[in-house]
Amino acid sequence: MGPGNDTQISRFLLLGLSNKPGLQLPIFGLFLFMYLITVFGNLLIILAVGSDSHLHTPMYFFLANLSFVDICFTSTTIPKMLINIQTQSKFISYTGCISQICFSLLFAGWDDFLLAVMAYDRFVAICHPLHYMVIMNPRVCGLLVLVSWIISVLNSLLQSLMVLQLSFCSEVEIPHFFCELHQMIQLACSDTFLNDTIIYVSAVLLAGGPLAGILCSYSKIISSIHRISSAQGKYKAFSTCVSHLLVVSLFYCTVLGVYLSSAVTQSSHASAVASVMYMVITPMLNPFIYSLRNKDIKEALMRFFR
């Protein structure tokens, strides 16, 4: 029985992406493949950064942390989905559901803050190159990651505790492949005004804040690059930001797509399908985006496998 519940709710039913039996095996194979690519791809980034002293810089320190968060982010939901398909069981325990909400919020928030920190790192590197190593010293880098983690933990704990106060009148069917916060609140039979308010406030502060920081950093970066006289200098400065810009665009566009699809179509299934983009596709593509355009990462991986 969950805290705050008036009825014996011990588990929930995850409806997944499709109820068609013929699609379960292809879905299992596809998501297993994407999950393994995500884990191995991001692990390679972490190993490359950790094993090569040339990559012991602020930029790659943040990249390794982002790769770690991406592995954790997908691992909160995809393994359970694969187990449910394999065992032909769609149930998830009350505790498991709350854990999914808590950890998915934690790692999504941490991912968001790390992208903002990486934008600030590029701003310092391009706009204040002579003072870069002084400003972005190891203590500051560690502090930025730690503060990002603490804020994300506090937000995820607050949101999870608020869900614990909700009552569910019967065995709840969740039209999703994981326990998504908004879906859970919609399915509650108790008053959710406070939950909705906290979600909107945290979305503005914890999603809008980092996005504003990213936009501010890149506005200054573009202004600084514009003042560089040579075309080669402009290209060299901007090329260090391309990978990060692609990852930021992918992350925010997919998250925005999820909420727009759910708002426009009012379809839970459409929202679930759109969620695959930021829950699975984005973490899977991040290592490729950073490694394919990055000579240092490629060389570090080649040295590692020699």
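Glycine is treated like the rest: Cβ placed from N, Cα and C.
Nobody curates TrEMBL annotations by hand; they come from automatic prediction.
Listed features, source TrEMBL:
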- 41-290: domain 'G-protein coupled receptors family 1 profile' (DOMAIN)
- 23-47: transmembrane segment (TRANSMEM)
- 59-78: transmembrane segment (TRANSMEM)
- 98-120: transmembrane segment (TRANSMEM)
- 140-158: transmembrane segment (TRANSMEM)
- 197-216: transmembrane segment (TRANSMEM)
- 237-260: transmembrane segment (TRANSMEM)
- 272-292: transmembrane segment (TRANSMEM)
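For the transmembrane segment (272-292), the partner stretch with the most Cβ pairs below 8 Å, chosen from 23-47, 59-78, 98-120, is 23-47. Within the same chain, residues 109, 112-113, 115-116, 119-120, 151-152, 155, 158-159, 162, 181-182, 185, 248, 252, 255 sit at least 6 positions outside the transmembrane segment (197-216) and bring their C-beta atoms closer than 8 Å to a C-beta of that stretch. Here the transmembrane segment (59-78) has long-range neighbours at 31, 34-35, 38-39, 42-43, 45-46, 49-50, 99-100, 103-104, 107-108, 110-111, 114-115, 117-118, 121-122, 125, 141, 145, 177-178, 240, 247, 279-280, 282-284, 286-287, 290, 296, meaning same-chain residues at least 6 beyond its ends whose C-beta is under 8 angstroms from one of its own.
Most Cβ pairs under 8 A with the transmembrane segment (98-120) among the ranges 23-47, 140-158, 237-260 are made by 140-158. Under 8 Å from some Cβ of the transmembrane segment (23-47) lie the Cβ atoms of residues 16-17, 63-64, 67-68, 70-71, 74-75, 78-79, 81-82, 85-86, 88, 280-281, 283-284, 286-288, 290-291, 297, 301, 304, all in the same chain and six or more residues away from its ends.
Confidence in the domain 'G-protein coupled receptors family 1 profile' (41-290), given as mean pLDDT, stands at 89.
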